[in-house]
Ligand code: NAD
């Protein structure tokens, strides 16, 4: 292998790579071959302490800089990410197995968008002036302090940047723990931020499993925790953060509905269903995995979907022509195969796919089940793999009730040519991120996040600023102070 996948060291702390081989070894596996491409070590308590100490020490000086100065560094980092997009995309493909065709347009580029966006608004973050007769109050928008970011394995570069950009723009420091499955890319983000001029200690990366995340969340020096992960992990992290009354952002799982009405443009609806189920081999939190298709067009929809799935180019993720890659790990592949078995056992009709692909690596066929009913396991639980469940419906009211009948509330989509119906349905969806005649767009300018069990808080957009800063009110009296005695 010519590409260097073994990083200089496991952690990046206080502006430099740091190693502590006493930590549990973490083997990084290339999902397309099963080959070990790097070995890192989980953070020991000493490493965790060093990262938090550096973050605490650096934060006040950073917050004291002007927003313009902070923003300039973030925008420079965005430029560097874009300049190095090719190499970063190759690394992201090694880390996750996602095809280069995707990583070259959706990972470092999305991270760069976040750094550019929050770099751009850093200088305009202000408090307000509230006049009260002769007296007045002004508010100061202040940083929270030390933030901890914890990432999932599906979008390692994007998640690292989506958390770093608003946190740093607001004057915070961060200790980021990537998923142990994909630990490589966040280190590159740290390197680039420092190369762009970020003072040492403001963005630190420590590796490790859940225990390292848990140790970070409970540390007294930490003021805010932002997690991207599953609902069960979210519950634990939210509870631990509550113990210390810390701020939280929870970006959790989903089982999102996509409704295709009888008047929909079928070609677009099929495209939306493909994007919302098979991009990143289905490992996307906001995927529309319960596809409700009106009975009148169901067979036509399934026929066209099957035909289009036949065009998927499954193979070497580094080949730019490949459009469908492996699952991130053997474990995730086994989990998804378990769900496919349950789908068949519970009586869903397998329309296509359903099997592991006979080649090295963790490849599964794009899988579609039809005649799925609301109670089936594959319609209730998040699978996080390339498995689409197609359900029938006839009435709008009925499908709305069924679409919302889930503990999750991350995303939802509707395909219809009826303008009023589209907006009525979007208003009735119990979900944080909705789509009309499209699916899974995530521009940095728009808030992203979930309702119900899918999360708390929002990433991206101006809304993220509210989750990485706090207001201080300062009352100023111009006349005498009246006291009762
Ligand atoms: P996971 O919940 O298993 O792990 C997420 C992260 O939390 C990892 O870094 C893990 O090491 C850490 N962790 C585990 N236990 C912890 C603990 N007790 N304390 C602190 N940290 C702990 O999730 P995953 O399997 O890595 O990712 C898949 C999940 O992430 C899916 O449910 C998916 O929907 C969700 N996800 C959500 C979004 C979103 O923006 N809403 C985006 C991507 C992925």
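Positions of Cβ are set from backbone N, Cα and C atoms, glycine also.
Per TrEMBL, the features are as follows:
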| type | residues | note |
| --- | --- | --- |
| DOMAIN | 18-474 | domain 'Aldehyde dehydrogenase' |
| BINDING | 29, 95 | K(+) 1 binding site |
| BINDING | 151, 152, 153, 177, 178, 179, 180, 253, 285, 382 | NAD(+) binding site |
| ACT_SITE | 163 | active site, charge relay system |
| BINDING | 245, 452, 455 | K(+) 2 binding site |
| ACT_SITE | 251 | active site, proton acceptor |
| ACT_SITE | 251 | active site |
| ACT_SITE | 285 | active site, nucleophile |
| MOD_RES | 285 | cysteine sulfenic acid (-SOH) |
| ACT_SITE | 459 | active site, charge relay system |
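Scoring each of the binding-site residues (29, 245, 285) by how many neighbouring Cβ atoms lie within 10 Å, the top position goes to 285.
Cα of residue 455 (K(+) 2 binding site) to Cα of residue 163 (active site, charge relay system): a distance of 15 Å. Counting in whole angstrom, residue 95 (K(+) 1 binding site) lies 11 from residue 178 (NAD(+) binding site) by their C-alpha atoms. Among the recorded positions 95, 153, 245, 251, 285, 459, the ones whose Cβ sits under 6 Å from an atom of ligand 1 are, in sequence order, 153, 251, 285.
Looking at 95, 180, 251, the recorded positions in this record, the fewest other C-beta atoms within 10 angstroms of the C-beta turn up around 180.
In terms of Cα spacing, the recorded positions 29, 245, 452, 459 all stay beyond 10 Å of residue 151 (NAD(+) binding site).
The shortest Cα-Cα distance from residue 245 (K(+) 2 binding site) to any of the binding-site residues (153, 178, 285) is found for 178. When every Cα pair among 151, 152, 153, 177, 178, 179, 180, 253, 285, 382 is compared, the largest distance found for this NAD(+) site is 23 Å. For the pair residue 178 (NAD(+) binding site) and the residue listed as 'active site, proton acceptor', the C-alpha distance works out to 14 angstrom.
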